[in-house]
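So the structure is just underneath, and the comments pick up after that.
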Amino acid sequence: MENYLNENFGGVKPKHSSDEALQRWRDMCGLVKNPKRRFRFTADIQKRNEAAAMRRTNQKLRVAVLVSKAAFHLLNGSENSSETVPDEFKEAGFGIGADDAGSIVESHNPEKLKGYGGVDGVAKKLKTCTTNGIAMDEKELMSRQRLFGTNEFTEREQRSFWVFVFEALQDMTLMVLAVCAFVSLIVGIATEGWPAGAHDGLGIVASILLVVFVTATSDYRQSLQFRDLDKEKKKISIQVTRNGYRQKLSIYELLPGDIVHLAIGDQVPADGLFLSGFAVSIDESSLTGESEPVKVNSEHPYLLSGTKVQDGSCKMLVVTVGMRTQWGKLMATLTEGGNDETPLQVKLNGVATIIGKVGLIFAVVTFAVLVQKLFASKIAEGSQWSWSGDDALMLLEYFAIAVTIVVVAVPEGLPLAVTLSLAFAMKKMMNDKALVRNLAACETMGSATTICSDKTGTLTTNHMTVVKSCICMSDNKQEIPDSAKKILLQSIFTNTGGEVVVNQEGKPVILGSPTDTAILEFGLSLGGDFQSERQSTKVVRVEPFNSTKKQMGVVLELPEGGVRAHCKGASEIVLAACDKVINENGEVVALDEESLNRLKSTIDSFAGEALRTLCLAYIDLESGVSAETPIPSSGYTCIGIVGIKDPIRPGVKESVALCRSAGITVRMVTGDNINTAKAIARECGILTDDGIAIEGPDFREKSLEELLEIIPKIQVMARSSPLDKHTLVRHLRTTFGEVVAVTGDGTNDAPALHEADIGLAMGIAGTEVAKESADVIILDDNFSTIVTVAKWGRSVYVNIQKFVQFQLTVNIVALIVNFTSACLTGSAPLTAVQLLWVNMIMDTLGALALATEPPNDELMKRAPVGRKGNFISNVMWRNIFGQAVYQFAVIWLLQSKGKLFFSLEGDDSDLVLNTLIFNSFVFCQLFNEVNSREMEKENVLDGIWKNKVFVSVIAATVIFQVIIVEYLGTFANTSPLTATQWLFSIFTGFVSMPIAVLLKRIPV
């Protein structure tokens, strides 16, 4: 079976599957009872292709519309009509209406923008200040929201419970059974009258309704869970200046007139205009399909909602929000094709298809045998030409049994159990600070064999402080000469991605990355003033920090004349670009061998104490440098070295040890100095005596043969570029067959996150681009949360295996019992209504009980499944066949010797015996459900009371079983049982537990 599944259903990958692979397995699914339900959580390939085509044509359509609008204005001479402001906007004090504001960005027309007085003119008309943002109270807020709308997009309406009921009714076999019930009602009432003749038909109808409502309830709850998760995915915060101070707001709170601060990796939250910034390039592919980045500056100031900042940073004036933005208009016409199905869903669709085909053959043969037996008895009686209503009802009952065998045989619940388990796990993982963006990541994480983790913020706390420094060749920061301190403070406060702003309480607050924050704090402790330093110089050019160059730079026009460039970055890289140094007296001197060695030993000393080291340097340039002139790469003067402490997160060491015991290798991939990386890796327990620590540049120089030799031993990679990370991940996946999870926070990590089996983005430090490329977002940036995700992933995988084991056992026994009984006795012991109840126990209720089992610590003590593991393992086949043989033996003994054993006589003896068989069969399934909680562990009751869902399902099934047997006999073809018979049924089920223990002792 495994080979068949891999061959026909194995082409789908956890992510980036081709449309051909997705279509192939759909074509292989031959027997599907309810396509609407079975394929609900699979990608709609047609809609997806339509969405891609619409994106491609969006840009052309937009251009065509703008051209026609321009022609219309030209012909009618009404270009100035846009100046007419609607009365309600005038009354509120605005100089522009919402539609006109939207057309400024939409048209990309410089003349139109000029007509409104440029960006500053638009800001005035929107009653905002380009420095302090909107000044508003609650009343003004309500007014803006009413006139301009909110920054929210119209979403597809949530489907009601009744839609799920309707979809559950689309089941082909249930429809056929409903027709059988209808015919049974007509024939029954015609021959036996009302109400006696209606019992069989009403019994089937009641069973169908019960199945439909339980199924719909389960599906509806899943849809609510997915909706909650979708809401979480869309929560994005952005830095905004409003009411004179910087604050973090949700993108949904933005209004026209807000001043938004954008940096590399941010998503543009609304349509707007560029105010100020440096080297901004925007990726508009999500909107237009164009992969070429667009440069944005004061000449081309248009920023579109939904696009991504690929480089640079800037301030943006929000002009249009919500459904009036370009993104909003595209979303209104676009229906996405949903997420790809997961490999496990596809495999289980394959299992369902195989079993369904076998079941269909059994059903046809069973029906044929039963009809043949009826004909044979009629011929023996000589009444083959006279058929009564009872004979017609008998034929109908046989047909209903055959159809119900198909209902039981086609495990429609298998693929849906994956979704149920994933939905449950995703909800619980949210509480554990992990947001799953890609369903498949949940199950793939359970197979992970390697985790490539960042250091900063993941293994460490990301709360950085400068604890050591060597400024002007001196370790004492109190003795820095004034001339050198002036240059140092200028470097700290101008060459930074952070800011010191005043909050609502009037207190200074440092904003920016943890590294920038630490250095700004260091500058303030030296008595520096951020605002005065920034205002005294004019910024000519900024080169933001780049993971490849490992440094950032700024070019300034000095107040006294002249131009200076400041550089900050990885100590050894910046120091290598220096040929001068400021000495203890504040004088600039040549960087001789002795001074260089002293600085290098300082770097090594800081790094050995697990400090992150940065070097600050500057260079005075010739006048006439423009914004386009690149910052020099050599000739710098070294100001000093700072050592930044970033403590290890609590619990990381234990989590790394847990990963090791679970067979998961943890590798640290960082941009830091190798000595810092090694010190922290040892502290975390990542670097062992037989492991290798390597630097990115060395890694890049290795030949393919050398790489293949060292990659399995690499535990630390320092000074790595995003390309190094990508190369490592690619080799681990393709060459060594590892299942790789990768963490990333920056925009440059997107390729590695995309390449990995599971991309893990940081929720706090991560950029929107990184989050978009990731499969799971670690909301607290904590390595321990990654281990929790691995545990949940294993839990999902094992839970599905438990459910499959349980369901296949029921399938096999139900099929063989009805088939053999029909062949040997001419009747089926389990009726249509009873089989529908059994189907619900194993399908919806079984999935609910077994697929929602929470993870336990034992999961992290076994080796990972990896890429090649068989889903239906030998252990599962052993348990399935062992239990199936026992259950079949019990039912066969009851059928052949039951009457004798229980002294059953009289007209109702067959009915009592069949009820006993049905009751024993159900209790066998219930106890086997408990057995299925553990596939190898003997103690299956461990922690059972902690799983309230499981206990509730078992309790509800027992209560319903009692009601069906004792009180619904006329509908379910059952007869009340004696206490002895009840005890026998329960004991029969219970014996399956010691049998399970014996089976688990058989090695496979």
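Including glycine, each Cβ sits where the backbone N, Cα and C put it.
Here the structure is a predicted model, which means the values were calculated and not measured.
Here is what TrEMBL says about this protein:
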type: DOMAIN; residues: 5-50; note: domain 'Calcium-transporting P-type ATPase N-terminal autoinhibitory'
type: DOMAIN; residues: 117-184; note: domain 'Cation-transporting P-type ATPase N-terminal'
type: TRANSMEM; residues: 161-189; note: transmembrane segment
type: TRANSMEM; residues: 201-220; note: transmembrane segment
type: DOMAIN; residues: 236-333; note: domain 'P-type ATPase A'
type: TRANSMEM; residues: 354-375; note: transmembrane segment
type: TRANSMEM; residues: 395-425; note: transmembrane segment
type: DOMAIN; residues: 828-1002; note: domain 'Cation-transporting P-type ATPase C-terminal'
type: TRANSMEM; residues: 875-895; note: transmembrane segment
type: TRANSMEM; residues: 911-928; note: transmembrane segment
type: TRANSMEM; residues: 949-969; note: transmembrane segment
type: TRANSMEM; residues: 981-999; note: transmembrane segment
Feature contact check the domain 'Cation-transporting P-type ATPase N-terminal' (117-184) with the domain 'P-type ATPase A' (236-333), CB under 8 Å, 3 or more pairs: yes
Selection from 354-375, 875-895, 949-969, 981-999, the stretch that has most Cβ pairs under 8 A to the transmembrane segment (911-928): 981-999
Spatial neighbours of the transmembrane segment (949-969) far in sequence, C-beta under 8 Å, 6+ residues away: 203, 837, 841, 845-846, 848-850, 852-853, 915, 918-919, 922-923, 926, 929-930, 933, 975-977
Overall pLDDT for the domain 'Cation-transporting P-type ATPase C-terminal' (828-1002), taken as the rounded mean: 87
